[in-house]
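Beneath this line is the structure, given in structure tokens, with notes to follow.
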Amino acid sequence: MTIKSLSFLAALSLFALTLPLVIASDPSPLQDFCVGVNTPADGVFVNGKFCKDPRIVFADDFFFSSLNRPGNTNNAVGSNVTTVNVNNLGGLNTLGISLVRIDYAPNGQNPPHTHPRATEILVVQQGTLLVGFISSNQDGNRLFAKTLNVGDVFVFPEGLIHFQFNLGGTPAVAIAALSSQNAGVITIANTIFGSKPDVDPNVLARAFQMDVNAVRNLQARF
């Protein structure tokens, strides 16, 4: 076998070994449960959290209340997201799922954002919502939008920019599940115009084809 062939086989083997790492999401658990704790005492570090000693795990480690309480929507965007993830429900650790309640004021919105680690499935509990997501550059940045009423369900694919807007004159409520114990969130406007420190306004002016002073005004808002 030639040196060239050996080099090709070595590169192919390396690619095969790294491919599972590239496509992986939350790893599957190798135990019944791993209740997340923030201290290492009597714990094992798994998936970003220390596991609570199974001998002192109780039902409350898998319990969260208060999703029946409306969130405060008195803010600039007119919405509030109440999150149930591994940070406030330790029993979710390694289970690859989390939940949110979203409250919308009349004409409020959950502004364009993305979850870098999760797909989201949403069901409307109250009101009427305009929802949608935008596909990637490779797909031509197509908008997929739908008006949802009570009981309707919509899916937002992992990593894609999406939004919800309350079309009604009364408050709206939705519940959403995400395919990660900690999905993460990147709100587009806050990230671009509210970064710390600011992105050079000349960069954003060129990217958005805007006047530099208009960019500075937007940055001042965030």
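Positions of Cβ are set from backbone N, Cα and C atoms, glycine also.
Per Swiss-Prot, signal peptide is recorded for 1-24. Annotation comment: Swiss-Prot describes C34-C51 as disulfide bond, evidence class similarity to another entry. What Swiss-Prot lists as N-linked glycosylation site is N80. Annotated Mn(2+) binding site per Swiss-Prot: H113, H115, E120, H162, in sequence order, evidence recorded as similarity to another entry.
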Lowest local Cβ density (other Cβ within 10 Å) among disulfide-bonded residues: C34, C51: C51
Fewest Cβ neighbours within 10 Å, where candidates are the binding-site residues H113, H115, H162: H113
Between E120 (Mn(2+) binding site) and C34 (disulfide bond), the C-alpha gap once rounded to whole angstrom: 23
Nearest of the recorded positions (C34, C51, H113, H115, H162) to N80 (N-linked glycosylation site), judged by Cα-Cα distance: H113
Neighbour count (Cβ, 10 Å) for E120 (Mn(2+) binding site): 22
Secondary-structure category, per DSSP, in which N80 (N-linked glycosylation site) falls: strand
Extra residues within 8 Å (Cβ to Cβ centroid of H113, H115, E120, H162), Mn(2+): T114, A118, F133, F156, L160, I161, A183, V185
